[in-house]
Amino acid sequence: MEHGSIITQARREDALVLTKQGLVSKSSPKKPRGRNIFKALFCCFRAQHVGQSSSSTELAAYKEEANTIAKSDLLQCLQYQFYQIPGTCLLPEVTEEDQGRICVVIDLDETLVHSSFKPINNADFIVPIEIEGTTHQVYVLKRPYVDEFLRRMGELFECVLFTASLAKYADPVTDLLDRCGVFRARLFRESCVFHQGCYVKDLSRLGRDLRKTLILDNSPASYIFHPENAVPVQSWFDDMADTELLNLIPIFEELSGAEDVYTSLGQLRAP
């Protein structure tokens, strides 16, 4: 197993550069998408009402596209219904302490820390990982203000770590990072959905009300199923002058009292 398959990271050259105004996505706010059979059927039937002027090739392509969308929506509908059955969700039931709180899914790599198999002089942690019988050292840098950020998040939300990296790396790193026990649960790569070459964090599988669920992640691909629930964050590698997490604290303080995150995020996204 290669080193790169252990840790899922953003590449420095692909990092999404966000302005302060862009900390919250500019996509339009929406209520939870009604993934129901009627919507899926509508997509199927829509292709039958294309104008007669369309060429047979265009019509065939349109039908194929509509049918693909319908199947995708129907599948996600069935998946959503399945994960509403007790015992099938990724997360345990909400504790009494977290009743009424918003659930915030928080990414690890390039959001809270940056890790490397190459030696780093000022590493905050050095974590040994065994790969195919050989022990390798992983050097971990903490993002500036991560301790303050996690402490405040733990006071306000039900916090869940969700990473596309493997548990054999992410679990010991989180043990060192989260000394105060902010994360109520930890989810790793096996809990992701592999979709079009990317590991996606499907929030509908958590077992939480999507109107009371947020995700903080540096990779838009991670929340492609639920962009309306996302608070984007700029990828971090080694800039010790970075203040992104510090700047996010007042944003999350405002969101913590939301009855519906779609409405509150929409207000934050408004120009």
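Our numbering is plain: 1 for the first residue shown, then up by one each step along the chain.
Yeah, the Cβs are placed from backbone N, Cα and C, and that goes for glycine too.
Record features (Swiss-Prot):
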- ASP107: active site, 4-aspartylphosphate intermediate (ACT_SITE)
- ASP109: active site, proton donor (ACT_SITE)
- ASP107, ASP109, ASN218: Mg(2+) binding site (BINDING)
- 97-255: domain 'FCP1 homology' (DOMAIN)
- SER5: phosphoserine (MOD_RES)
- THR163: site 'Transition state stabilizer' (SITE)
- LYS201: site 'Transition state stabilizer' (SITE)
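Locations of recorded Swiss-Prot features on the structure.
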| residue | record | DSSP (3 states) |
| --- | --- | --- |
| SER5 | phosphoserine | helix |
| ASP107 | active site, 4-aspartylphosphate intermediate | coil |
| THR163 | site 'Transition state stabilizer' | coil |
| LYS201 | site 'Transition state stabilizer' | coil |
| ASN218 | Mg(2+) binding site | coil |
List only the single closest residue to THR163 (site 'Transition state stabilizer'), chosen from the recorded positions SER5, ASP107, ASN218 by CA-CA distance.
ASP107
Please tell me which one of the recorded positions listed here (SER5, LYS201, ASN218) sits closest to ASP107 (active site, 4-aspartylphosphate intermediate), measuring Cα to Cα?
ASN218
What is the one among the recorded positions SER5, THR163, ASN218 whose Cβ has the most other Cβ atoms less than or equal to 10 Å away?
THR163
Distance [Cα-Cα, Å, rounded] between LYS201 (site 'Transition state stabilizer') and ASN218 (Mg(2+) binding site):
12
So if I measure Cβ to Cβ from ASP109 (active site, proton donor) and keep only same-chain residues at least 6 apart in sequence, which ones fall under 8 Å?
ILE7, THR8, GLN9, ALA10, SER115, THR163, SER165
In whole Å, how far does the CA atom of ASN218 (Mg(2+) binding site) lie from that of the residue listed as 'phosphoserine'?
18
Determine which residues of the same chain, besides ASP107, ASP109, ASN218, have their CB within 8 A of the center of the CB atoms at the recorded Mg(2+) site, and list them by sequence.
GLN9, ALA10, LEU108, GLU110, THR111, LEU112, THR163, ASP217, SER219, SER222, VAL233, SER235
Largest tally of Cβ atoms lying within 10 Å of a Cβ, found at which of the recorded positions ASP107, LYS201:
LYS201
